[in-house]
Amino acid sequence: MTPQAKLIFTSSLILGTTITISSNHWITAWAGLEINTLAILPLIAKSHHPRAIEAATKYFLTQATASALLLFSAMMNAWYTGQWDITQLTHPTACLILTSALAMKLGLAPFHFWFPEVLQGSPLTTALLLSTLMKFPPMTLLFMTSPSLNPTLLTYMAILSTALGGWMGLNQTQIRKILAFSSISHLGWMAIIVSYHPKLTLLNFYLYSLITATVFLTLNTLKTSKLSTLMTTWTKTPALSTMLLLTLLSLAGLPPFTGFLPKWFIIQELTKQSMAPAATMISLLSLLSLFFYLRLAYCATITLPPHTTNHMKQWHISKPTPSAIAILTTTSTMLLPISPLILTTV
């Protein structure tokens, strides 16, 4: 792909995201989502590999269906109430259809099946965009319509999402698929709290995007997409592998790291809302995803490749660690001490 084409598609992505997050009218929000979808398709299919073409087709079909549902819910609400304003969504059937549309856009269970397949067929940089930037517009719409949505339905979808994200990621060997199921699991944490404390959902999304960006950029630098090749990276770049270990532990939500921060706040808020059973269940289900994060971390840092297999000996690379990854790793692991400051903003 030529640099000019890449620039056009990236600019369209930023434009579409900006239009959606700054709009009050359903039609402009829908137009922004459509611009986003059309701009990301060439970036998914740019390798012209059959798997990439398949991923782009699956992405287009699911996003087109979700956009149609979103427009249908907006039209139904406008038909009954005369309101096209995003925050004035009051008709119960329209709210139900919108919940389905946004769940499909985000990859929230039970509408999650397209996401691992699309991520597996995409390059690592495009997979990063799909996991972070492309989820920002629907997340903003979820934030704006949160008072109108059914909290019980969202809670059930969130618990199902965390369960499936953890369960289905256990036996994966492809790193992109593992990160896709990780994303589905994290979306469960965001969905369960959106009706009670919407700002916590956005905080969780920002921190998840930060940590996921670090993981994807590190893997892109290591040129690694499978667990078997990840096992040979320690001899090549020990510093980068150590950064990957810390970031994965943060993504798992273990206490001294940044990833623990949103989980702590969400469990606290759920307990305040007399939802201790839901908080207990979602916390226990996140242990499933902890297993595959630990397996990734183990493959990246602790094991040396087995001597029975034939592989090229990896040597140290003299290139320094990219400064962007160093900065992102620092913020991905060390924001927990400033949690009181973050708490005042939410």
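A Cβ is built for glycine as well, from the same backbone N, Cα and C atoms used for every other residue.
Residues annotated as domain 'NADH:quinone oxidoreductase/Mrp antiporter transmembrane' in TrEMBL: 23-288.
Look at TrEMBL and you will find 290-343 tagged as domain 'NADH dehydrogenase subunit 2 C-terminal'.
Annotation comment: TrEMBL describes 7-23 (among others) as transmembrane segment.
The list of residues near the transmembrane segment (59-79) in space but at least 6 beyond its ends in sequence, with Cβ under 8 angstroms from a Cβ of it, reads 26-27, 29-30, 33-34, 37, 40-41, 44, 88-91, 93-95, 97-98, 100-102, 104-105, 111, 114, 118, 130, 141. What TrEMBL records for 59-79 (among others) is transmembrane segment.
Beyond the transmembrane segment (91-115), the same-chain residues lying 6 or more positions past its ends with a Cβ under 8 Å from any Cβ of the stretch are 33, 58-59, 62-63, 65-67, 69-70, 72-74, 76-77, 80-81, 130, 135, 137-139, 141-142, 145, 148-150, 153-154, 157-158, 160-161, 163-165, 180, 183-184, 187-188, 191. Feature annotation from TrEMBL assigns transmembrane segment to 91-115 (among others).
Beyond the transmembrane segment (153-171), the same-chain residues lying 6 or more positions past its ends with a Cβ under 8 Å from any Cβ of the stretch are 96, 99, 103, 108-110, 112, 116, 177-178, 181-192, 194-195, 275, 278, 281-282, 285-289, 291-292. Feature annotation from TrEMBL assigns transmembrane segment to 153-171 (among others).
Here the transmembrane segment (203-222) has long-range neighbours at 124-125, 127-128, 131-133, 135-136, 139, 175, 179, 182-183, 186, 189-190, 193, 230, 233, 236-237, 240-241, 243-244, 247-248, 250-251, 258-259, 261-262, 265-266, 321-322, 324-325, 328-329, 331-332, 335, 342, 346, meaning same-chain residues at least 6 beyond its ends whose C-beta is under 8 angstroms from one of its own. Residues or ranges marked as transmembrane segment in TrEMBL: 203-222 (among others).
Annotated transmembrane segment per TrEMBL: 243-261 (among others), in sequence order.
The transmembrane segment annotation in TrEMBL covers 281-304 (among others).
Using a Cβ-Cβ cut-off under 8 Å and counting only residues 6 or more beyond its ends in the same chain, the transmembrane segment (324-343) has close neighbours at 203, 207, 210-211, 213-214, 217-218, 221, 240, 243, 246-247, 249-251, 255-261, 264-265. Summarising the annotation, TrEMBL assigns transmembrane segment to 324-343 (among others).
Beyond its flanks by at least six residues, the transmembrane segment (7-23) meets 29, 31-40, 42-43, 86, 129, 133-134, 136-137, 140-141 of its own chain at Cβ-Cβ distances under 8 Å.
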